[in-house]
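Taking it in order: structure first as structure tokens, then the write-up.
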């Protein structure tokens, strides 16, 4: 291996730019030189051994660099990041350079063995793992301290010298993808494998989940329609619908795990070994020795972090929740007041006043959501998590709880305090439909329109009216670097999560919710696809084996929905009429049924295996082979 | 490595017998010869390369063989089974022969580097992995078919040619262990590390759990005593006790996981890689190709097994449960009838008749339990599980559900149908105390007494009155081979599980239960220790990292106990008095509190990490090192 590393030259005739590095405008010459030298330097000298070229734009600025790598370098990188690829015998194996001949579609001159997204992921990984050796500071910036082993790119980012790193689009590939994805009207599945090749596993998995979830909602929607059409109000029909709904939601979440395993096995991420996680850029602490790696790095005591979480963040979140409830109560008071006012002096003005509380509440909620989001981000980064994953989990948890309360508190209040089923149905419909319309508008069409306008202006400035594919590289880069950054699938999953809440929490009151959800999701697929392809910068591919914490969130929601639906059914007048003498018997029956349903859910979750049998066998075979290999050694 | 194997000679001057093989009395000469040759044969020739010596008893029978191994052979075996040992730098690592010098206490002449239990485990593993090569049958037994790769020992066992394989006791070690364990009256912990060295991890873990559980019950017992002494009947005190109990039981189960991780890390089993599991001896099927290993072995379709489980076993278990409930109802009818009879004709005979139903019920329950146990074993082996572990899990589940119902159904009936708290407390006390006394008697003292009588008779027969330690090897073997076989920790855990049920399910009615449980467990430790050391044959050590399915069983019990305790508190007259007007409010409050408690349990189980931080760091370090090693490769 050693020999092959040294034989690898940084000069390659057909340089293909993959990743763009944008430095701050006023970056010192000395720093530029040092950075490009470190990126291009040989592995043996502690460099990344990548190809790097400055991009000269028309205004002469030299703050943008294009990074690429030779095919051979990428293959070695694929081994480093532990990519899993399909072999000629159809099994999935971790790629190593020495066993490269056993992999499907491998040929020394086949440069498409690694997809562009994979190549870009490898380059990102190599750049992030470019570490300081004996440098004490970043040349030219004495205040930007370095220590041996510190990631150079991360220090440059935190010091603002590096503005951004992003992967380039491939206009041709993107055009093809756009065409198969949403370019034509068709009934059929999304091209998930193509999406995965272009955008990576995390995004493909989101679209896979969105599609699966939409299909899974169709039975609920189909069963829900007659309730609306025939205006069914019989309790037994509602009970049947709710029971079906509860068991169905358990089944779909379990089946998703299996489908997800099938997909990620095919993509190789199911088998990919978790890499050792480096500290996140924002992590700070006293320089010490990491007990796991033995390396020098900032260390922050876990107890202090726990104290921050439990003594500051937790009370703060509780306070916010309380405040949110308090605002809701004021809203209901205002509503009542407006109603009373309208009754007393019936006039045009008073009927207009009826809408005022709702509008104020909607605005206040939106403001609270935004402030809270900032607060949550601030608090979570103040908690000083060492790993990006644990930072993400804590942030998601905080935002999830608050959003859950904000969205559903008023519905809970209407249902279980006011006992007003008519109002509940009405509010549910209003909330669901308006939130869906607003979301789609704010999420995709508005940015798309802004983007389009911006692009036109840019093109005018460049005095050219070429189509996308004919753009020169410099033009493409300067267009893409101005595009918005896609901050991950969080908001998209959150939207789906809240939708799942609308559909399942009160399903027995408003069976039509599933129909709206299905309709929304079909357009959501298109608007999200548009967003990914047209509005945002291309995001780096992120290998992942499942939807992570969202699986847990959806499962929790489905447990809560058992409780709410049982209470709703117990409150319905038809069920009440069945127990004319004793409310006690009614409540006991409802409680009993609820416990049985919960027990059934847990048994079902336990009995349905998380991976299909053939995947289990394939995984067992790999494990067996590695055990045998160990014995042979 | 190849060279070292061949340099290994089966002749060793100081042969130390470790394991005994007992063949059937009438085994053919030809078979004996073939078997001993295969055991002693070189690894390269497909043998086990162990030392084997016939034991000539005084009556001249030659059906007992002693198996041992050279120190070098045992070290190679330790590598094969993947033993994890402590290194000189205090980290735990998988033992390999080539890295032997880095391990603590290793020296080429230190024969106690491997404990005797470990050596016996290695020999058992090697014997069980002695596989047929080109033999089509067992020589001398044309009906006992073999195929390449079939375990010879397992075929011999299923054909009755091999009677038993068991490890020998070490009288000296045993005496020392007995002394520190239960030989002197002392307050203190059990010598778990010594127990582990002598009996292996599974048994040490059981005793560790028993001890931990006893300590964990002490707070409950201490709080429970004043309730009895001062005859407290206030609802608030009961509510407090029950709440404490519920949260406490969650905490102790979570903390156990952490303690268990600490122990098994020290013992090396936490890090031990799961070996590939071979089919269990009773597994049968059409000869096919195992999709995982690619080896020829019996194959049985998973769908047919599922059908057997869901279409036969499940209905059968349900029928048994129904039957058990039916018998219970007859018992309550009989009880009522006896009470009426006694009221009508008060006489000595009639007051005697009062006891008849209980006695009949107790006998019937015992009979049912036994019959059911046989049926469960028959059904589970008919289900034809490929792996021993999956066989065990299905058996445990079946037996657990039935025992749970048998023990607690009458209590549930008294509590939630008859609403008779006095009777509940009385029945609970009777059941708990009698079952504990009976258990300890039947489990340890009776077999011990029988064993002692048998030993005396044996010794008389040998015309010698020596003490245990002076016995000759032949005498020791002939004594030990007649001892009972310890069938694993199942029954011991089951007893603890039912005890946990008595303590937690109705804790708010009978706070004294914990006191009896603590008292019982203290003697239980001694009687179980006596049972292990004196009554049974030494069992093979079995490496294990946790208490497996029992953790789940105990957790499920603690969830059920939240429900029962909430109902009991809701039913108490004091709580009822708080809601004089509306039973509905009462039930709603109880249901709300119950849901909150359940939610709290789940959150606690989620928040408390399963492994202490230092163990997490140690595991992370090992993972990091192996990743680094992979990169270096």
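Each Cβ is built from the backbone N, Cα and C atoms, and glycine gets one as well.
In TrEMBL, the feature transmembrane segment is placed on B:352-372, out of the ranges B:352-372, B:373-393, B:436-456. Looking up the ranges B:285-308, B:309-332, B:525-548 in TrEMBL, the one annotated as transmembrane segment turns out to be B:309-332. Looking at the stretches B:238-256, B:257-275, B:333-351, the one that TrEMBL records under the feature transmembrane segment is B:238-256. Taking TrEMBL as the reference, the stretch among B:586-608, B:609-631 described by the feature transmembrane segment is residues B:586-608. Between the transmembrane segment (B:309-332) and the stretches B:212-232, B:238-256, B:395-416, B:496-519, B:586-608, the greatest number of Cβ pairs separated by less than 8 Å involves B:395-416.
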